[in-house]
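Worksheet: one structure, shown below.
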Amino acid sequence: MHMTIQWFPGHMAKAKREVQEKLKLIDIVFELLDARIPLSSRNPMIHEILGNKPRIVLLNKADMADETVTEQWIAYFERQQLHALAIDAQTGTGIRQIVSAAKEMLKDKFAKMAAKGIKNPRPMRALIVGIPNVGKSTLINRLAGRNIAKTGDKPGVTKAQQWIKVGKEMELLDTPGILWPKFEDEEVGLKLATTGAIKDTILNLQDVAVYALNFLKQHYPERLKERYSLDDIPGEIVALFDAIGKRRGCLVSGGAVDYDKVSEIVLHDIRTEKLGRLSFETP
């Protein structure tokens, strides 16, 4: 399958420009990634866009990711001199660490301000960046403690930018995520589709399910057996589709397996943790 998907709505090009304009107002950036696919959910231009602005990497949806793998990712980012935290904006895991980690990172800057005689330094100003559907709005709501940002499960739901107070110590600028103009890497697109970061209408659903099942077969075979009551996992991917389809009653007239329906079921099960905590990338 050839993948050169143009998925770069006009508001994203604008967001990139706006992020670079707003960096002048910002003390620190929170780079929000999906803990299950930290590299695939990362904008490849992020270093160029953010320059040397202080940054904390937040591995969101960590409660859905394989804990052992998430620990490896935290170590990976630390080796790159990037402080990383495992969080889950939906459940609240790790949220309290965010403000204290930012304070720690900015303490020298604010100490200098105090030394200059600024008695009541302003709140830290932070910017959250991330691709669509990685949980930016949910994180803002969690940090602000009230329902401000519009959240939804449809990618690209956040459009406008706004400042939001987080207690007395921080102000947050919410900005729509930035996704690269095209996926050079086919696997990146498939991972984003598997986790629901891009709309199901963008890629062929069966292609995504084939990718996901091949991955699960290799890395989480016992979960597959348990979820779909399989005695063993067939070698051929079509046979695996057939086995799941028969177990789940996904049949069309004449008794053939409905592969689209099987694809929907498998992807829904992945996204709703019916197969447990999964990570689709390791460092």
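Backbone N, Cα and C atoms are what each Cβ position is placed from, and that goes for glycine too.
According to Swiss-Prot, the protein has these features:
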DOMAIN    16-181  domain 'CP-type G'
BINDING   N60, K61, A62, D63, N133, V134, G135, K136, S137, T138, G177  GTP binding site
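According to its DSSP assignment, N60 (GTP binding site) is in a strand. Neighbour density at the Cβ, taken as the number of other Cβ atoms within 10 Å, is lowest among the binding-site residues N60, N133 for N133. Within the same chain, residues at least 6 positions away in sequence whose Cβ sits under 8 Å from that of A62 (GTP binding site) are A35, T70, A86, I87, D88, T93, G94.
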